[in-house]
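A.B. asks: Starting off with a structure, shown below.
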Amino acid sequence: MQAGIIVFPGINRERDIAMALEGSLGRRPRMIWHRETDLAGVDLVVIPGGFSYGDYLRCGAMAAQSPVMRAVSAHAARGGYVLGVCNGFQILTEAQMLPGALLRNAGLRFLSMDCHLRVERADTVFSGQYQRGQVFRAPMAHGDGNYFADADTLDRLEGEGLVAFRYVDASGAVSGAANLNGSARNIAGVLSANLRVLGLMPHPENLVDPLMGGVDGKPLFDSLAAIGVA
Amino acid sequence: MDQLVDAALGRSFGLSGEEYDRVLAIMGRTPSLTELGIFSVMWSEHCSYKSSRVWLKTLPTSAPWVIHGPGENAGVVDIGEGLAAIFKMESHNHPSFIEPFQGAATGVGGILRDVFTMGARPIANLNALRFGDPSLAVTKRVVDGVVRGIGGYGNCVGVPTVGGETNFHRSYNGNPLVNAMTVGIAAQDRIFLSAAAGIGNPVVYVGSKTGRDGIHGATMASSEFAADSEEKRPTVQVGDPFIEKLLIEACLELMATDAIVAIQDMGAAGLTSSSVEMAGKGGVGIELDLDAVPQREAGMTAYEMMLSESQERMLIVIDPAREDMARAIFEKWELDFAVIGHITDTGRIVVKHRGVVEADIALDPLAEQAPLYERPYTEAAKPAALGDVDDPVGIGPALLRLIGCPDLASRRWIWDQYDGTVGGQTVKRPGQADAAVVKIPGSARALALTTDCTPRYCAADPEAGGAQAVVEAWRNITATGGVPLAVTDNLNFGNPEKPLIMGQIVAAIRGMGAACTALDFPVVSGNVSLYNETEGSGILPTPAIGGLGVIADAAQAVGIALAPGLDLVVVGATRGELGQSLWLREVLGREDGAPPALDFAVERRNGEFVRGLIIDGVVTACHDVSDGGLLVAVAEMVLAGDVGAALSLAPEGTAPKVGAHGFWFGEDQARYVLAVVDGAAVMQAAQGAGVPAVMLGRSGGDRLTLHDGTAISVAEMRTAHEHFFARWFA
């Protein structure tokens, strides 16, 4: 599994996710500058967190128009794997590779704390090393993580099993108190119809080392290591 | 601009009549407007340290591990493995009152540049904040804006904000303090300095374009506020963290090559201070052609360009053979790159604009004849010791009041708005340990980082307060297992032209120096912010200390969170000193008495004993005893671990005999609470080391209980602790 990390100007968690990927995949990911358009040899495209182009327009809106995103879209259309975290999730929705949008947090403040996520399905390439219903901790750090989609879209996502993770309390219960950014139906992560594109707001890559407070995020990267290359 | 240049204009630029006469003598003629502008900012308090320099020189600044002390953009210390930690703290106080969001944001941006300009990748930000009375609407506005500003900038550039401190006091009503600290890591053989060299070498401007923002910001930072301070809003700069992020990456990419001869950020006084200081340090001259400066607005004059404090700009003296390669790096990052001048052998700064020489000043007299004042000072008498005081409320109610008061309430609301995990190296986040612990990428080592000052101690006794700030930073690093290496200081005071204020400065520096010397904890960088007064009323003297220590193995670092089933041991003697304590202020409404006594030898002995236990792996949790005293320290450990504790020790049984309130809330120094598996063994070790220690009790359950039957549930404590900010910003 060769991972490639897209580096837009203003991205700031590219090194974090590179460490997490290398730790699980045993191979250093390729850093792909945003002006490149050749993704040949890359099995998994990762769009990391940060503030692409400063996020001075809608978060992710500028990056979504970048030439490399046409290549990412083509990669996904070929059945390639794509993971977007935080700003990466925002970019994937702006590029319409995932449904919905990420709005300003309900409390209108940046939120930086650990949240609990519930694994809604464990049969994807991103979650195979978790159990369905398992609750794990992940740091979040965003100002615009309030997932929004219209009711029909949300119903479709739920019906087709495309909700990857939900914000829950430590016991796994979906609650308003656990849904700090106000996301529709506590949705923290969404999958594409072919289950090969995942966007999520929290940062499992920042919890892959006991020294940093735990390894709750590591199974996500181990899951990617466990699959064969498509 | 045909403005008449005279002493009156000099005064409006902040130059005294005598200083203006000195300008005339150096120039031998009436200076141009641009020249007067250059003199006025270079000779401002902010840039010249003219009131504090004679005293700053008395601080200890060297140790075998100090690579660069004060005088560079930031301090540099050896942290082993060929690596260096580069760090500094700097104030952005005045702008943060006028425009809290941008004032705080650009404070973060400025201190980041001071660190990465030396070749370091920034790995941590901290901040020391002081705000006014929380019951005032203006305080709420300032707190909200400052916190959003720090977060808005730090979160975007991707440097984790991992620690700091926040105090409230009415003396900061019109003068909040925003002191920002950045820590970076560089290879010891890849450190970049600012002394220009190489006659004919190009001078390159990179980063953002120059606009009219922040003109005379350094001068504003060197005067008191009056009622018209709102009108000074145009002197506040506007930050762009996205550009800063690009600038960090582009500079670090360029620094991996051998293209850079010298580099400095354009901070206070912008192009003026960077060009003057770089040429001055190198003993060369510099010629600038302002037509080549990237400009955001049309029609800017030489005066405006030289004094602009537009953010996110750097000045680089470059190897001409590497110019094309350097240009390509900045073009890749879509940043301006312009050759705006060259190094000369004239010893002068010459500024040309549209074919006209707008400034031509000899650099040596500009620096050497800069004003240096030995201002008259008066030291206030030492405060009388606090006599006996009765406890009118009882221990339990006082504890709940203390852990809920603005100075001790949970700061969760603040740090929840700062990205503390970006970088993936944060071992101890805010609230988890006495100092933030950040691992060094690619190494087992970690840095322990803290900011400390107890302004009420400094107000009562500036010498003791200055010393205590240093000692507490040392202790906080020690309590994580770190070896304290060096400090950066940020000296915030009122108007130095008042002898009593000047006396505070002199005494605080004396106290700091004594503590730094005694603890081998030298000052390697710093910043002075004076004139923190509004309409004649000054702040509490606030010499904030940023401390840095190293932990050889990050896995050895300990935090404050209790686990169940551990023995609790207090290291250090308890005499029950309530003078200037938070208990005295919050329970009795009094701010008097002498601050707790300091004994550097005892600090060192107790601290080294505790650090040894931590490195030996004996300690599960450790917390130093500071604001609020022993019971507050235990309560903070209980809250961090969500585990109760039974404190069986009876104050009556301790010697010397103190009242229960003195025992539990006295702020005696040199103390730590340890949570350990085998308390008896620790007691025995303490006895062997000649360190006073007592068994306090045991952790467990969901309540904090005292020997007299007092019991408070952890839930009740948490409500009290979390209430203040939650309600304020509900």
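Every residue, even glycine, has its Cβ placed from backbone N, Cα and C.
All TrEMBL annotations are machine predictions without curation.
Since this is a predicted model, take the numbers as computed values, not measurements.
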A.B. asks: Among B:Ser525, B:Ser529, B:Ser537, find me the residue TrEMBL lists at the same substrate site as B:Ser91, B:His92, B:Asn93, B:His94, B:Arg113, B:Gln237, B:Glu309, B:Ser310, B:Gln311.
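C.D. replies: Checking B:Ser525, B:Ser529, B:Ser537 against TrEMBL: the substrate site match is B:Ser529.
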A.B. asks: Kindly point out which candidate in B:Tyr49, B:Tyr457 is recorded by TrEMBL as part of the ATP site with B:Lys88, B:Asp489, B:Gly526.
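C.D. replies: According to TrEMBL, the candidate sharing the ATP site with B:Lys88, B:Asp489, B:Gly526 is B:Tyr49.
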A.B. asks: Among the recorded positions B:His46, B:Glu90, B:Asp265, report those whose Cα falls within 10 Å of that of B:Gly526 (ATP binding site); none is a fine answer.
C.D. replies: B:Glu90
A.B. asks: Using a cut-off of under 8 Å between C-beta atoms, tell me which stretch among B:9-50, B:199-352, B:433-551, B:564-702 contacts the domain 'PurM-like N-terminal' (B:71-186) the most.
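C.D. replies: Stretch with maximum Cβ contacts: B:433-551.
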A.B. asks: Would you mind listing the long-range same-chain contacts of the domain 'Phosphoribosylformylglycinamidine synthase linker' (B:9-50), meaning Cβ under 8 Å and 6+ residues beyond its ends?
C.D. replies: 1, 3, 56, 216, 218-219, 221-223, 268-269, 272-273, 276, 301-303, 306-307, 349, 351, 358-362, 365-367, 369-373, 496, 528-531
A.B. asks: Measuring C-alpha to C-alpha, could you say which of the binding-site residues B:Glu90, B:Asp114, B:Asn527 are within 10 Å of B:Asp489 (ATP binding site)?
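C.D. replies: Taking B:Glu90, B:Asp114, B:Asn527 one by one, the ones whose Cα falls within 10 Å of B:Asp489 (ATP binding site) are B:Glu90, B:Asn527.
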A.B. asks: Where does B:His92 (active site, proton acceptor) sit in DSSP terms: helix, strand, or coil?
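C.D. replies: Assignment for B:His92 (active site, proton acceptor) reads coil.
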A.B. asks: What same-chain residues, at least 6 away in sequence, bring their CB to under 8 Å of the CB of B:Asp114 (Mg(2+) 2 binding site)?
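C.D. replies: B:Asn73, B:Ala74, B:Lys88, B:Glu90, B:Thr182, B:Asp265, B:Gly267 - these are the non-local Cβ neighbours of B:Asp114 (Mg(2+) 2 binding site), listed in sequence order.
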A.B. asks: Please list, for the domain 'PurM-like N-terminal' (B:71-186), how many residues fall into helix, strand and coil according to DSSP.
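C.D. replies: Secondary-structure composition of the domain 'PurM-like N-terminal' (B:71-186): 47 helix, 45 strand, 24 coil.
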A.B. asks: To see if you understand the setup: which same-chain residues, six or more apart in sequence, place their Cβ under 8 Å from that of B:His92 (active site, proton acceptor)?
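C.D. replies: Expected: B:Gly103, B:Ala104, B:Thr106, B:Gly107, B:Gly110, B:Val178, B:Asn179, B:Ala180.
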A.B. asks: Where DSSP helix means H, G or I and strand means E or B, what are the helix, strand and coil counts for the domain 'Phosphoribosylformylglycinamidine synthase linker' (B:9-50)?
C.D. replies: 29 helix, 0 strand, 13 coil
A.B. asks: Take the Cβ of B:His46 (active site) and count every other Cβ within 10 Å, whichever protein chain it belongs to.
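C.D. replies: Total other Cβ atoms inside 10 Å, all chains included: 28.
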